[in-house]
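This report concerns only the one structure given below.
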Amino acid sequence: MPRLDDHCWSCSCAQGARHRSLPRAGPGGLAAKVGDMLGPAALAARRGPDPDPAPARGPRSPGPGGRGAGGGPPGSWHHHLVQRSLVLFSVGVVLALVLNLLQVQRNVTLFPEEVIATIFSSAWWVPPCCGTAAAVVGLLYPCIDSHLGEPHKFKREWASVMRCVAVFVGINHASAKLDFANNVQLSLTLAALSLGLWWTFDRSRSGLGLGITIAFLATLITQLLVYNGVYQYTSPDFLYIRSWLPCIFFSGGVTVGNIGRQLAMVREAISSAGLLQSLYVIRCDLC
């Protein structure tokens with residue numbers, strides 16, 4: 001008959017042996033079990049993306065505004081800002097050349113002969129000024145949206161932006177081509193078209209408020225330029241300018257604002273992709 005103390009000693013020794021065997025099989029056995037649980041597909045995904053993931057395991061310090069892991073190096077934000085500014089400036093220059101050419105050809109806008117340049121029969125300072133204004137407005141729209149906490153998500157695709165540009169060009173074309181009995185009817189028609197453009201492609205309170213503010217400031221600056229004899233309008237009916245000009249400024253602000261929002265959304269998509277890639281690398285490191 002085995003004694004009770006034999007059972008106790010045998011049990012304690014067996015348990016001790018089991019406890020002593022766990023640390024030896026810990027790293028390798030645990031890794032093998034985790035590998036079996038992950039399966040071949042997950043292990044292949046772990047090995048596939050980056051043959052040399054050592055740089056990704058370095059310290060990830062957040063950049064300005066929390067853009068470290070997702071937005072790339074701290075200077076990338078400034079790089080994207082400069083890129084967006086150049087694109088918006090180019091858009092403003094092109095629109096100014098095309099639309100101002102239409103106004104000059106229809107004798108709606110008259111420049112003195114000494115300031116007329118050879119490029120598109122327009123004053124040399126018109127394209128740079130319009131390009132700078134387009135860059136400021138295009139950067140201001142997404143900035144105001146982020147500060148108000150109301151991200152603009154209505155029809156956020158490039159096809160909608162291109163249709164908005166086409167409608168804006170059509171409104172400007174109508175201001176020079178359409179003949180009404182008086183300027184009041186033309187102004188009311190263009191005002192309805194401008195509000196329709198905002199309702200169709202924007203529908204945000206920030207877009208409406210910024211459009212009205214831009215129209216007011218641009219109209220005031222234009223009044224001062226015409227008053228100082230820089231250029232003039234034929235048949236002015238609103239002090240020194242045409243009464244429909246604020247409608248053009250309003251629709252132009254909404255159009256350039258949509259372009260700026262779309263460019264900002266492209267940058268956010270790139271940052272989100274970088275963040276997902278960084279999270280994937282962290283997950284692989286943990287595995």
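Cβ atoms are placed via backbone N, Cα and C, with glycine included.
Predicted automatically and left uncurated, TrEMBL annotations should be read as such.
Annotation comment: TrEMBL describes 63-74 as compositional bias 'Gly residues'.
The region 'Disordered' annotation in TrEMBL covers 42-75.
As annotated by TrEMBL, transmembrane segment applies to 86-104 (among others). Distant neighbours of the transmembrane segment (86-104): 110-111, 119-122, 126-135, 137-139, 165, 168-169, 172-173, 175-176, 252, 256, 259-260, 263; these residues of the same chain sit at least 6 beyond its ends, with a Cβ under 8 Å from one of its Cβ atoms.
Per TrEMBL, transmembrane segment is recorded for 124-144 (among others).
Residues annotated as transmembrane segment in TrEMBL: 180-201 (among others).
Sequence annotations record features per position, and here TrEMBL assigns transmembrane segment to 208-227 (among others).
Per TrEMBL, the feature transmembrane segment maps to 239-259 (among others).
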- To the transmembrane segment (124-144), which of 180-201, 208-227, 239-259 is linked by the most Cβ pairs under 8 Å? 239-259
- Note on the structure: Same-chain residues at least 6 beyond the ends of the transmembrane segment (180-201) with a Cβ under 8 Å from one of its Cβ atoms are 154-155, 160-161, 163-164, 167-168, 171, 174, 207-208, 211, 235, 237, 242-244, 247-248, 250-251, 254-255, 258
